Structure formats: C-alpha cells, structure tokens
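Enquirer: Here's a structure for you.
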Amino acid sequence: MDMLSAAEQRTLEQRMQKRQVKEFMGAFGGLVEHCFMSCVDDFTSKAISNRESGCINRCVQKWMASQQRISDRFQEHNAQLTAQMNK
C-alpha cells in the first residue's frame, strides 16, 4: 500500500469499506432469513409469540457466538502466518 499515491489509497480504502458493508449486509440478511424461517411459523397474528421471540433470540445468540469464534480462529491463523513470515 506504500507504493500507492494518496488518491489511489483513498480509492482502495473506499472500495474496501464498500465491500465490508456489502459483506455485512449479506451476512445480516442471511441471519434474518435463517432465524425467521427457523423460528416464525404462526402467521395468524401480527405479533411474534413468546416462543418465536425466544427462538429468534437463541438463533441470533448462536450466530453471534459462531461469528466470534470464526473471527478468533481467523486472527489466530493470521498471527501464525505472520510469525512464520517473520522467521
């Protein structure tokens, strides 16, 4: 990134930010769809039942925990790669 001009760096950073937003929105949309399809099955009322609400909360918590675990493993892997490259 040091070889890029200031304008090129800004362009690259903007593209990276747009990509991150797009990836986040895709993941969020997938989460919403998965939890909705798994938990909401009664369409006779506008309100979400207590059972559905609890299911959605558990679904989101599991997803957040899995994303944290993936992030932790990714950071560990990157640290190992960095250590190997610095040898």
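Heads up, the Cβ atoms here are built off N, Cα and C, so glycines get one too.
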Enquirer: Please work out, from what Swiss-Prot records, which of Cys35, Cys39 forms the disulfide with Cys55.
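Expert: Going by Swiss-Prot, Cys55 is disulfide-bonded to Cys39.
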Enquirer: Where Cys35 (disulfide bond) and Cys55 (disulfide bond) are concerned, what is their Cα separation in Å, rounded?
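Expert: About 8 Å separate the Cα atoms of these two residues.
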Enquirer: Within 10 Å of the Cβ of Cys55 (disulfide bond), how many other Cβ atoms are there?
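Expert: I count 17 other Cβ atoms within 10 Å of it.
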